Amino acid sequence: MTVFLSFAFLAAILTHIGCSNQRRSPENGGRRYNRIQHGQCAYTFILPEHDGNCRESTTDQYNTNALQRDAPHVEQDFSSQKLQHLEHVMENYTQWLQKIENYIVENMKSEMAQIQQNAVQNHTATMLEIGTSLLSQTAEQTRKLTDVETQVLNQTSRLEIQLLENSLSTYKLEKQLLQQTNEILKIHEKNSLLEHKIFEMEGKHKEELDTLKEEKENLQGLVTRQTYIIQELEKQLNRATTNNSVLQKQQLELMDTVHNLVNLCTKEVLLKGGKKEEEKPFRDCADVYQAGFNKSGIYTIYINNMPEPKKVFCNMDLNGGGWTVIQHREDGSLDFQRGWKEYKMGFGNPSGEYWLGNEFIFAITSQRQYTLRIELLDWEGNRAYSQYDRFHIGNEKQNYRLYLKGHTGTAGKQSSLILHGADFSTKDADNDNCMCKCALMLTGGWWFDACGPSNLNGMFYTAGQNHGKLNGIKWHYFKGPSYSLRSTTMMIRPLDF
């Protein structure tokens, strides 16, 4: 603004200096217009003209108060007047400039205020638009950030849950791993102990094997010697058995002779007394008992369809008496490993071990209905029995098949004899239902069926050697399949006794 005013003042002075060469237009009315352009603003200044010519009156040229010099006096007065005039003009211009400056300042204030107000309004609107846009963008970004934050939180929650689950799984796995490690350590310790024990056992086992080898060699030598002794004993036993059979036959012949002599004496006494009674034969021990003979012993019976009488042992003491003994084992003195013919006709002594004979058993049980009772005794002194209400066997063509009904007794809840019918087998007559030939494997003659749960005609074993013997005297449901009994007795009695 100061530069502008200085420029205006300088222009006014120059204009005044050159006023002598200018003309006033009659239209201007004695005024002069000066227009100044400053930026976008244009300012017009109206300057008043001085009345009269540029020169002062001649009276002023000769003012007595003017300074005088050595130069011509007329020119000095003119210069003084001119300076005074210029000073006066300068004062006027100064006043006008002050007015102009005041006017400009006032106008500039209002214009600047208006400009500032417009600028502020424009800036405010722009700022409002920018602020609105920023608020919208901020809200949108906030919403997006909220969504992202929600997603991040959800993902973080999932990750935290997964992390917790993984932590739990890891903890469980670590716990299981520790347990398994402890178990492995315990197993390792046990294995170490077991290995140590195994080493010790191997050493002991080697020592025992060496001892057993020595004992085996000694036993083999002993077995060889015993085998030779047994063979010699068998030979002697066979010879003794042959001699015993001869003696038994001689004894039977003597008993028959004595019996005949007794009968003859009885007949002679009756004839002498004038009384003659008809002799009544006994069919079995029941008839003997009913005839008044109640003492156990050997009696002669007459069996239907048999050509000769038969000596039998009658048990008159057990369960009412009247029992005909058909089989008895007690001491192993008689060999029961015999053939078909011997089992057919019987063998042994009725007062000891013997077998009555299948043909005689068939003949007796064909006379009437009989009950079978089997008495058993083990090596511990325990007695038991099995009883069958109905008992009979078939003829030789039927292989002396066994028929039984109605089992009772104390020698097992089940029958050790085959109830549905089994054929009799011996070492030379295999009639069983097994491909193994039970009579050869189990010894003796019996109703084996498929080797079955019983064999009372098996090998006799003494005390201490009677265990684990499948071919012994066995009754399965009393003492098991491999226990050999001490004594057995098979006897029959009429059902209606």
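Please read every residue number as a count from 1 along the shown chain.
Cβ atoms are placed via backbone N, Cα and C, with glycine included.
Annotation source Swiss-Prot lists coiled coil at 153-261, citing sequence analysis. The disulfide bond annotation in Swiss-Prot covers C285-C314, C438-C451 and rests on sequence analysis. Feature annotation from Swiss-Prot assigns domain 'Fibrinogen C-terminal' to 276-496; the stated evidence is sequence analysis. According to Swiss-Prot, the N-linked glycosylation site annotation covers N92, N122, N154, N243, N294, on the basis of sequence analysis. For 1-15, the entry in Swiss-Prot reads signal peptide, with the evidence type sequence analysis.
Sequence features, as recorded in Swiss-Prot, placed on the structure.
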residue : record                      : contacts (Cβ under 8 Å, 6+ apart)
N122    : N-linked glycosylation site : none
N154    : N-linked glycosylation site : none
C285    : disulfide bond              : Y299, I301, V312, C314, N315, M316, G321, G322, W323, T324, V325, R493
N294    : N-linked glycosylation site : M316, G321
C438    : disulfide bond              : S425, D430, D432, W446, F448, A450, C451, G452
(message) Suppose you look only at the domain 'Fibrinogen C-terminal' (276-496); what would the mean pLDDT be?
(response) 93
(message) Please identify, from the disulfide-bonded residues C314, C451, the residue with the sparsest Cβ neighbourhood, meaning fewest other Cβ atoms within 10 angstroms.
(response) C451
(message) Applying a 10 Å Cβ distance cut-off over all chains shown, what neighbour count does N92 (N-linked glycosylation site) have?
(response) 15
